[in-house]
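Enquirer: Annotations per Swiss-Prot:
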BINDING   86-91, Lys111, 307-308, 344-348, 419-423  ATP binding site
BINDING   Ser158, Thr175, Lys176, Asn210, Asp211, Asn237, Glu269, Glu302  substrate binding site
DOMAIN    21-469  domain 'Hexokinase'
MOD_RES   Ser15  phosphoserine
MOD_RES   Thr38  phosphothreonine
MOD_RES   Ser158  phosphoserine
MOD_RES   Ser245  phosphoserine
MOD_RES   Ser272  phosphoserine
REGION    75-209  region 'Hexokinase small subdomain'
REGION    210-458  region 'Hexokinase large subdomain'
Amino acid sequence: MVHLGPKKPQARKGSMADVPKELMQQIENFEKIFTVPTETLQAVTKHFISELEKGLSKKGGNIPMIPGWVMDFPTGKESGDFLAIDLGGTNLRVVLVKLGGDRTFDTTQSKYRLPDAMRTTQNPDELWEFIADSLKAFIDEQFPQGISEPIPLGFTFSFPASQNKINEGILQRWTKGFDIPNIENHDVVPMLQKQITKRNIPIEVVALINDTTGTLVASYYTDPETKMGVIFGTGVNGAYYDVCSDIEKLQGKLSDDIPPSAPMAINCEYGSFDNEHVVLPRTKYDITIDEESPRPGQQTFEKMSSGYYLGEILRLALMDMYKQGFIFKNQDLSKFDKPFVMDTSYPARIEEDPFENLEDTDDLFQNEFGINTTVQERKLIRRLSELIGARAARLSVCGIAAICQKRGYKTGHIAADGSVYNRYPGFKEKAANALKDIYGWTQTSLDDYPIKIVPAEDGSGAGAAVIAALAQKRIAEGKSVGIIGA
């Protein structure tokens, strides 16, 4: 999702002994502003819990806490063929999912890269046409003889969308760099279904889900110890099962066939945590990113911890050092002085540079930006990359700790997905150890931590399929799938 390549061996750390005093001073300054101590993590978690509760109240809060209308736990016995499409930050994924009915599934998939310009196209139809065309290409490839029976489709839509029932999604606001007009505050399901129908594809969108909810449900399908689904990728988010009686904003809106004790999957959308800037330790670089973003004042937590922004935080800090005369002296930085010219693959590659003199980093700056670097400058760049990556890992688990504390979970599995979790060097270990710091666990091995972050199942693909299966079952049994009258 954020262009992270295959893993390389863990890098060897060079000595800082030869770094000049003025650069060491800058490194120390960066360590002060980017290091997140345990007491800060605990304060962030405490505030997070209160914001989660506000989001479930009738009045609402910064964190949307969107009911996902998944009102059953998967049994693992769900079976059948389903299609899933996953619209995330960078790619459109189309998946054929075969649920085995024995806590197993098989998937066949294709990815279609979203053209960068499509994120901000002024023609709202263009996005849905692209998705429908990709879906048709996939169907033609997988079913050359055609389809005899309509196939149910689960649509993973990884943006804040409110739902009054499982097969609708009203976009609240664009995130992840998207800003397409005339879609916000509208139901996206009929927009997509219209383009599918126009192409005579025998498919019905039966469930719209968020990728994080999909991660939760797919992982629960194979592992009933799952307590949360989380995404560490282009965006950052968490989903979990709450209890209907604890969701104040749903009181009086549910059918009689939904008991107060019924579970309800909640898509938190907690990238918007602390939009009021009460507790998160923002730096001047975070403030610049926010002020120059399409939506200033929104998605504060995401802008500090998600993959979409890590490279830009690094670039801004290096530009600051350049303007102060500390690095890249007497060089042309015109190629480098462009917002988001560094995606998250850059700090990742710098962190895993295996050479003591950081030759890969030297090549990276020369080849991509025409910048010559000294060994000492590269050591600053490397340390800064480590600090930014570690801060993201540590802050990102505050949402996990908050939900586990709110729900009273002492043990369990947190199913994690996303390119940053899967491929950013050291992220898994740093995230796990931040949880350890918040809780004060004494165990020394990650495998022994009471709450473990584990790799998710195929979240958005299989998750969309399992949710479509659960929705179909409810409909077949005549049960409610949304708010009364929706």
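Using N, Cα and C of the backbone, Cβ positions are placed for all residues, glycine too.
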Enquirer: Of Asn210, Ser272, the recorded positions given in the record, which has the fewest other CB atoms within 10 A of its CB?
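Expert: Selected from the recorded positions Asn210, Ser272 on minimum Cβ neighbours within 10 Å: Ser272.
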Enquirer: If I take the Cα of Thr175 (substrate binding site) as reference, which of the recorded positions Gly89, Ser245, Val420 has the closest Cα?
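Expert: Of all the candidates listed, Gly89 is nearest in space.
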Enquirer: Taking just the CA atoms, what is the gap between Pro347 (ATP binding site) and Glu302 (substrate binding site) in Å?
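Expert: Between the alpha carbons of Pro347 (ATP binding site) and Glu302 (substrate binding site) there are 17 Å.
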Enquirer: Determine, using Cα-Cα distances only, which of these recorded positions is closest to Lys176 (substrate binding site): Asp86, Ser245, Ser272.
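Expert: Smallest Cα separation from Lys176 (substrate binding site) among Asp86, Ser245, Ser272: Ser272.
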Enquirer: Please report how many Å separate the Cα atom of Glu302 (substrate binding site) from that of Ser272 (phosphoserine), as a whole number.
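Expert: Counting only the Cα atoms, the answer is 7 Å.
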Enquirer: According to DSSP, collapsed to three classes, what secondary structure does Arg423 (ATP binding site) have?
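Expert: For Arg423 (ATP binding site) - judged by DSSP and reduced to three states - the answer is helix.
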Enquirer: Between Thr344 (ATP binding site) and Asp211 (substrate binding site), how far is it from one CA atom to the other, in Å?
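Expert: On Cα coordinates alone, these residues lie 20 Å apart.
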Enquirer: Compared by Cα position, which of the recorded positions Thr38, Asn210, Ser245, Glu269, Ser272 is the closest one to Gly89 (ATP binding site)?
Expert: Asn210
Enquirer: Just counting, how many other CB atoms are there within 10 A of the CB of Lys111 (ATP binding site)?
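Expert: There are 13 of them.
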Enquirer: Filter the recorded positions Ser245, Ser272, Val420, Arg423 down to those whose C-alpha lies within 10 angstroms of the C-alpha of Asp211 (substrate binding site); answer none if the list is empty.
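Expert: So the list reads none.
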Enquirer: Going by DSSP assignments with H, G and I as helix and E and B as strand, what are the residue counts for the region 'Hexokinase small subdomain' (75-209)?
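Expert: Here the numbers are 35 helix, 48 strand, 52 coil.
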